[in-house]
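Visitor: There's a structure below that I have some questions on.
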Amino acid sequence: IMLSHGLVHVFLISLAAVLPLIRLEFRLSYTQIGIFTFVLSIITAAVSIPMGFISDRVNKLRLISSMFFLMAILTSFLVVVKNLALVLLLFGFLWLCLSAFHPTAQAYLSSHYPGRRGQIFGLYEVGASSGMIMAPVIAVWLASIWGWKSVYGIYALPAMFVALGIYKIAGEETFSRQNKELRLRTEFLRGLKRILTHRRLKFIYVAHGLYAIIFATAALYLPIFMVDVHGFSVAQAAYMLTFFFLGGALGRILGGKSSDRWARNRVMGLSFLLLVPFLIMLSLATGGVILIFLSFAAGLTSHMILPVVTAFIGDNAQGEMGLTYGMQSLVGFGFGAISRLIAGVLADLWGIPVIFWMLAGISLLGVVCSFFLLERNG
């Protein structure tokens with residue numbers, strides 16, 4: 001699961017690494033980049049809920065295996081397309097496949113390791129961080145040799161390998177159906193109602209949405225910020241993104257383990273609070289060493305939040321584990337999509353540094369949100 005999670009984020013983050021090249025090829029503005037990524041995120045968000053619901057009723061590992069197999073096919077076609085419409089279409093189908101992974105894998109882990117959710121999700125997120133760390137370097141290196149389209153074409157090989165590996169280890173699963181006579185539509189609506197009327201889950205989802213705004217926007221615009229404001233090359237900007245994710249790898253371990261020892265809301269609130277000054281200084285600082293430190297620090301503090309939120313959701317899930325985590329993906333990708341679009345418009349109006357001030361304000365809202373989750377761990 002860790003390996004497959006890493007590969008998922010290699011696919012996702014490689015887009016941010018090659019976006020400066022895509023922007024040059026198709027002559028896109030910041031607003032158009034925001035629209036492009038907004039569409040991709042909305043696709044993923046819209047499908048997350050039904051994917052989570054489906055994952056409660058099929059073999060979860062085989063569903064993940066099928067997802068990687070389809071991804072391998074789609075990325076093979078991406079190499080030969082030449083116009084923006086087809087590029088967007090193929091990326092849309094690719095992001096559609098990716099939407100199956102998070103609710104399915106999270107439900108699988110949460111149900112198999114209920115007593116160590118914080119630690120397990122910390123390790124699970126380390127897989128993601130490993131993929132994020134490698135993705136910018138690999139993507140820029142491949143793009144410098146064969147062009148940005150070759151990046152996803154080459155990714156088809158590990159996707160096929162992971163698909164076969166997961167299929168081989170997938171065993172039989174038993175599926176919990178509260179009443180086999182109920183129609184699927186009724187089960188879906190009842191599960192959704194339980195989630196939407198659960199007070200603590202609502203605040204946890206809001207906190208996750210705020211985290212998603214920070215992560216999605218920073219990961220997308222940090223390389224472009226380094227190129228356009230500080231005059232970095234595309235490769236240097238990709239390496240700066242790698243430092244952001246290196247901090248994130250450490251942050252996810254710290255966030256997961258600390259949330260099993262202390263109240264999860266306190267770890268969450270402290271992480272949001274510590275993030276604020278790093279985002280503000282990132283918009284103002286100059287000099288390579290300082291920017292490296294601030295990128296690392298912002299990555300560390302922001303990524304501490306995710307395993308805490310994911311474990312928190314498992315603590316409060318009301319039976320439909322896949323559907324509950326599907327809602328998390330819907331909120332995360334939905335908030336992320338809207339924030340990228342807004343950030344692109346703001347960057348065109350007032351310059352790209354304003355994005356980091358916006359994220360600092362969002363982080364302060366996360367501190368406030370954590371106060372609505374004051375109960376200690378069970």
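Glycine is no exception: its Cβ is also placed from the backbone N, Cα and C atoms.
These came from TrEMBL, pasted as-is:
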type	residues	note
DOMAIN	1-378	domain 'Major facilitator superfamily (MFS) profile'
TRANSMEM	7-24	transmembrane segment
TRANSMEM	30-49	transmembrane segment
TRANSMEM	61-81	transmembrane segment
TRANSMEM	87-109	transmembrane segment
TRANSMEM	121-146	transmembrane segment
TRANSMEM	152-170	transmembrane segment
TRANSMEM	203-225	transmembrane segment
TRANSMEM	237-255	transmembrane segment
TRANSMEM	267-284	transmembrane segment
TRANSMEM	290-313	transmembrane segment
TRANSMEM	325-343	transmembrane segment
TRANSMEM	349-374	transmembrane segment
Visitor: Using a Cβ cut-off under 8 Å, which residues of the same chain at least 6 positions beyond either end of the transmembrane segment (203-225) come close to it?
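Guide: Sequence-remote neighbours of the transmembrane segment (203-225) are 13, 16-17, 19-20, 23, 30, 33, 37, 41, 132, 136, 234, 237-238, 240-241, 244, 268, 272, 275, 279, 295, 298, 302-303, 305-306, 309, 312-313, 316, 327-328, 331-340, 343, 347, 352-353, 355-356, 358-359, 362-363, 365-366, 369-370, 372-373.
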Visitor: Cβ pairs under 8 Å only, please: of the recorded stretches 7-24, 61-81, 121-146, 267-284, which one is richest in them relative to the transmembrane segment (349-374)?
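Guide: Going through each listed stretch, the top one turns out to be 267-284.
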Visitor: What same-chain residues lie close to the transmembrane segment (87-109): Cβ under 8 Å, and 6 or more beyond its ends?
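Guide: Hits for the transmembrane segment (87-109): 1, 4-5, 8, 11-12, 15, 22, 36, 39-41, 43-45, 47-48, 51-52, 55-56, 60-61, 63-64, 67, 70-71, 74-75, 77-78, 81, 117, 120-121, 124, 152, 310, 313-314, 321-326, 328-329, 333.
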Visitor: Can you tell me which parts of the same chain pack against the transmembrane segment (290-313), counting only residues 6+ beyond its ends and a CB-CB cutoff under 8 A?
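Guide: Beyond its ends, the transmembrane segment (290-313) has Cβ neighbours at 106, 110, 117-118, 121-122, 124-125, 129, 201, 204-205, 207-208, 211, 214-215, 218, 222, 226, 230, 240-241, 243-252, 254-256, 258-260, 264-265, 267-268, 271-272, 274-275, 278-279, 281-282, 324-325, 328, 363, 366, 373.
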Visitor: Give the nonlocal contacts of the transmembrane segment (61-81) in its own chain as ranges (CB under 8 Å, at least six residues past its ends).
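Guide: Residues packing against the transmembrane segment (61-81) from afar: 4, 7, 11, 54-55, 87, 90-91, 93-94, 97-98, 100-101, 104-105, 108, 149-150, 152-153, 155-157, 159-160, 162-164, 166-167, 169-171.
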Visitor: Pairs of Cβ atoms less than 8 Å apart decide it: which stretch in 7-24, 30-49, 237-255, 325-343 has the most with the transmembrane segment (152-170)?
Guide: 7-24
Visitor: Considering only Cβ pairs within less than 8 angstroms, which of the stretches 7-24, 30-49, 237-255 has the most against the transmembrane segment (325-343)?
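Guide: Answer, by Cβ pair count: 30-49.
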